[in-house]
């Protein structure tokens, strides 16, 4: 199966500047294509997983993935579909986040010097050296403000009478220049992104056409939500991160294990590497035994992101907790100072400190709603003092928030 054919078959396709021509070119030759990521966190989360799988698919078909880390544009912030001005990051934060993002991506694609090896570039390399007057002189005449004002991402903010700074308004010019720079210096002929990036992508393709006459393409993916309308990558407990220092492989496994029934076949198609035959069998399994299908999906996706050993460990932990009622040391663990436990800590504070509630008020609400357990016993008093008497074997206390979220507190 060819790249574009598989791209469409897996459900990645939304829009393309010239699909027929791009299909023909990718059949005849290998191309370089890029996707950009802002440096807004020390890890990517599953909201970026489709884009990551596309980079992986490109590489598997012999094309060259280019990853752009927006060290330059992150200093401004993308206004696309954002209701508010984004916080501007320091150079130190951007560098730290870029390192974490490369760690996320390295789980899925190979970086190196080979023909199809991925490369990672920071657009600060070329944007930081910009002279503003030179940029206006050399590129300003190619951009139409009339057209920029009609783009949905800008129009939305204006219609709501929300602040859109000149700083953010320049973002689309810089992203267009990124595409031009990559086309000129890396022979990049395709930019990929979410459907919310369509306007920015088209502006870049137009800039290249006007300046150099090169044939380049833009292609977008649909914006994904769960079947209930929730945004991919976010849960009540926070983001579903790809890096294990922010989210344990067990919690990653549990996210997919607990996804909505209506989503599992679609997620298998988007995020797994099942062959068509395996996918057909998976669809049959999902119709006959939804829980078995969810376990298989969670296992496969955890293996892909972390390792087969991590997937096995997560599965074994889940079996011990949910099917055998045991405590497993592979559960996510937080460390509490022994002095704190000796002095005693209220139940609601402990749930907050352990990360099972984002605030103390949320922890109180969890307990009042009968959703909190300590050592598998319901917590009825939010002010109950938890001390060393609650320690189980191996000096741990098991905390549970609802039926699915568990954590060990270790001293």
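Even glycines carry a Cβ here, placed using N, Cα and C.
Note on Swiss-Prot: of 231-235, 236-240, 241-245, 246-250, the range annotated with the feature motif ''KMSKS' region' is 231-235. Per Swiss-Prot, the range carrying the annotation motif ''HIGH' region' out of 39-48, 49-58, 59-68, 69-78 is 39-48. Residues of the same chain lying 6 or more positions beyond the ends of the motif ''HIGH' region' (39-48) and with a Cβ under 8 Å from any Cβ of it are 69-71, 74, 86, 89, 93-94, 96-101, 103-105, 224, 231-234, 239-243, 245-246, 255. Taking every protein chain shown into account, 34, 171 are the binding-site residues, and of these the Cβ with the most other Cβ atoms within 10 Å belongs to 34. In this structure, residue 171 (L-tyrosine binding site) is part of a helix by DSSP. Look at residue 34 (L-tyrosine binding site): DSSP puts it in a strand.
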